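Notes follow the structure.
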Amino acid sequence: MKVLVINAGSSSLKYQLIDMINESPLAVGLCERVGIDNSIITQKRFDGKKLEKQVDLPTHRVALEEVVKALTDPEFGVITDMGEINAVGHRVVHGGEKFTTSALFDAGVEEAIRDCFDLAPLHNPPNMMGISACAEIMPGTPMVIVFDTAFHQTMPAYAYMYALPYDLYEKYGVRKYGFHGTSHKYVAGRAALMLGKPIEDTKIITCHLGNGSSIAAVKGGKSIDTSMGFTPLEGVAMGTRCGSIDPAVVPFVMDKESLSSREVDTLMNKKSGVLGVSGISNDFRDLDEAASHGNERAELALEIFAYSVKRVIGEYLAVLNGADAIVFTAGIGENSASIRKRILTGLEGLGIKIDEEKNKIRGQEIDISTPDSSIRVFVIPTNEELAIARETKEIVETEAKLRKSVPV
């Protein structure tokens, strides 16, 4: 089976074509600047051969048409026609409370995705554009929707409810949803294998640390708490997001700076985090460099980030009553030894000890804890595309079996 995985953003369309026989990508591509001038498509084949083309991409549909051309290109492509693709898996950020698992796309699923536009106005609409384009260009090919929020729907009510008037939840769905669920689920599964234990018997803290960061407490393979909330703004400090702050800061700053609700939202989402504190960058590599040359605000930004992650790890050790493993994943979690060290230093009293030399290894699956560490510390590269492809394959094959078992 070949599965096309699509992640449609507001001005981008990422894709991978994965051969599920050996779970390897045949092609990885990206359409950039969709709906903007100077748009481009790049595609890298399994053998390293690369296509790069500047082409007008006014809509997601046109972008997907270019993806079809790239995948079937006589020189750079990997298939002869789109009929070789057995299924399509789409990443959708928000599934609300309706979806606890991935779902085969139909009219009801489309309606539910649209119902969540208010909850994820920056993400669900472009996600839906990608789905609609795919339905037009590849009619008859089954599509599976994999929701970022689904994995966290196992949280108990006392973990996901806010102490606000209950009717705000009933009327508007105001509660914690959590995000990065596909990544948290994938690395928790890998961690269980590294522990050599059935996932049902594990307690794992997963740290997805990138420009957007979230942490999850995973017990028996199920999310029981996570740091992001109603939106991806809650939780730890991030690249450009402030993370959790005293809510009273919002009206105070609005009054003092004469900001609208939209402007203060932009301030907290786009101008805060380590960028806002440092005044330099949201790229942690730039901050590391600046801090090493004595920039105090860069150092402060890194310390705020590391402390916020450390604090949540401590919370989740209490929530889980201990842990078998702590996992670091995503761009920063996988590649920044210095950030991992900042986060874990001072946790030795909780049985968390890392090997300095192993911690220097970047971007590969490894146990970086010492032999006497009572809690294992793993670095596990995430693979959300493969996770989406696996879910897609499973759902499509299950649906096919069900159809065969129904008498005509």
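Keep in mind that glycine also has a Cβ here, set from the backbone N, Cα and C atoms.
As annotated by Swiss-Prot, active site, proton donor/acceptor applies to Asp148. The DSSP secondary structure for Asp148 (active site, proton donor/acceptor) is coil.
Listed in sequence order, the residues of the same chain lying 6 or more apart from Asn7 (Mg(2+) binding site) and placing their CB within less than 8 Å of its CB are Leu13, Lys14, Tyr15, His90, Arg91, Gly130, Glu385. Taken from Swiss-Prot, the feature Mg(2+) binding site applies to Asn7, Glu384.
Per Swiss-Prot, ATP binding site is recorded for Lys14, His208, Leu209, Gly210, Asn211, Gly212, Asp283, Phe284, Arg285, Gly331, Ile332, Gly333, Glu334, Asn335. The secondary structure of Lys14 (ATP binding site), as reduced to three states from DSSP, is extended strand. Neighbour count (other Cβ atoms within 10 Å of the Cβ, all protein chains): 17 for Lys14 (ATP binding site).
Residues annotated as substrate binding site in Swiss-Prot, with sequence analysis given as evidence: Arg91. Neighbour density for Arg91 (substrate binding site): within 10 A of its CB lie 22 other CB atoms from the protein chains shown.
The C-beta environment of His180 (site 'Transition state stabilizer'), restricted to residues of the same chain at least 6 apart in sequence and closer than 8 Å, consists of Asp148, His208, Gly212, Ser214, Ala216, Met228, Ala330. Under DSSP, His180 (site 'Transition state stabilizer') is assigned to coil, being neither helix nor strand in the three-state scheme. Feature annotation from Swiss-Prot assigns site 'Transition state stabilizer' to His180 (among others).
The local packing around Arg241 (site 'Transition state stabilizer'), expressed as other Cβ atoms within 10 Å of its Cβ over all shown chains, amounts to 26. Swiss-Prot lists Arg241 (among others) with the feature site 'Transition state stabilizer'.
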ATP site span - longest C-alpha distance across Lys14, His208, Leu209, Gly210, Asn211, Gly212, Asp283, Phe284, Arg285, Gly331, Ile332, Gly333, Glu334, Asn335, in Å: 24
Structural state of Arg285 (ATP binding site), classified by DSSP into three states: helix
Secondary structure of Ile332 (ATP binding site) (DSSP, helix/strand/coil): helix
Surrounding CB atoms that lie within 10 Å of the CB of Glu334 (ATP binding site), all protein chains: 22
List of residues, in chain order, with Cβ under 8 A from that of Asp283 (ATP binding site) and at least 6 apart: Gly239
Densest Cβ neighbourhood among Asp148, Glu384 (recorded positions), 10 Å radius: Asp148
